[in-house]
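Visitor: The structure follows.
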Amino acid sequence: MFLLLKKWYHPQPIIKNDTRRDPYIDNLRFLLIILVVIGHFLSQLTRIKELKYLYYLIHIFHMPCFVFVSGYVSKNVHKNGKFNTRKIMALFWMFLLFKFGNYICTGMKGKLNLFDVKDAPWYLLALVFWTMIIPFLEKFNKKFVITTTILLALLCGYDSSIGSFLVLSRIIVFLPFFILGFYTTKEHLDKLLNLRLRIPAILLFISSFLLLTVIYPYVKPFIKILFAGSSYISIFKKYWHYGAFIRLFWYALAFVFSISFLFLVPRIKLSFTVLGERTLPVYILHIFLRNRLTAHGFFAWLLGMPKLIILLIIPFCVLLAVLLANTYLNRFTQFIMKHPFFLGFSLKRAKTIGVSSAKNYNVTIANKL
């Protein structure tokens, strides 16, 4: 067992200008999408204390880390002076489909507002904005950009007009993680992962879960800072003056937990590595399923079952992520991304970016999530 784990985490040789997929990144993406699925399903089961603590522990870092990875794999968006606008259009098209599909799956209650986004589709719309600013990120000093965006994220919470419209709050709050990922190179990542900190990382997660079971009543008034979708005054009421400090503390926690999670991800190609290339259908379709299950009273029924039965939701989420990451759903998703008939044109026929980038279209789009 020890030798197997040692092989999993053995440093991989650094090859300059290597264009092959990095198995570590695909492993990381798939493990993160599993956490996303678990987090979304647990949101319906927070009446169970153990699941509630796990839910909030996951939310400390899983989206910051997910955004970091999205930034890390976005380096080819602007290359040799050319900006791949097809990525922007494909992401926006998928956002529209996701938004409409989510509206249908939730029973079409109320009015459909495309740009007031409070549920999972927010991430695709945020990716559109983050991707659009990549050419500007390359023009400025890295430390200046990171510092400025962190300050902007801390201050924007004091403006109550910045909220779910166009997901402005989340775009700004998670932007530092995207930028940090964009500026991180494979060499940076390898140097970090070569540090022998896996045992401390495991201890951090275990001790944090146990600690959360004790301190939850005291941190409950501040816990909604993890969702980053509202102003300080709407989250804290009484403590809104200290919102920037609370968010900064969460940033520190997210940074430490994200790095700890990076240490736990295997670095070699494994049986599930290929699933890391197919996270987009998992991200979209699991939300549709969860919302239909909610509409049919599944979670209300599940809460009436013995606790051991309820806890089976975690392996169920893992299995669901594996099933939704199958090659057929991924091909179907990629086909839809390339053919936005609703917008009146086919991205597949768009030649303005160049033939060479068109050949790599499927791979580069898959890297966005």
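Placed from the backbone N, Cα and C atoms, the Cβ positions cover glycine too.
Note that the structure is a prediction, hence the values are computed from the model and not measured.
Relevant sequence annotations retrieved from TrEMBL are reproduced here:
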type	residues	note
DOMAIN	23-324	domain 'Acyltransferase 3'
TRANSMEM	30-47	transmembrane segment
TRANSMEM	53-73	transmembrane segment
TRANSMEM	85-104	transmembrane segment
TRANSMEM	120-137	transmembrane segment
TRANSMEM	144-161	transmembrane segment
TRANSMEM	197-219	transmembrane segment
TRANSMEM	239-265	transmembrane segment
TRANSMEM	309-329	transmembrane segment
Visitor: Find the member of 53-73, 85-104, 120-137, 197-219 that has more C-beta pairs under 8 Å to the transmembrane segment (30-47) than any other listed stretch.
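Guide: Between the candidates 53-73, 85-104, 120-137, 197-219, the best contact partner of the transmembrane segment (30-47) is 53-73.
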Visitor: Applying the under-8 angstroms CB criterion, which one of 53-73, 120-137, 197-219, 239-265 scores highest with the transmembrane segment (85-104)?
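Guide: If we count Cβ pairs closer than 8 Å to the transmembrane segment (85-104), 120-137 scores highest.
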Visitor: Take every residue in the domain 'Acyltransferase 3' (23-324), average their pLDDT values, and give the whole-number result.
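Guide: Mean pLDDT across the domain 'Acyltransferase 3' (23-324) comes out at 91.
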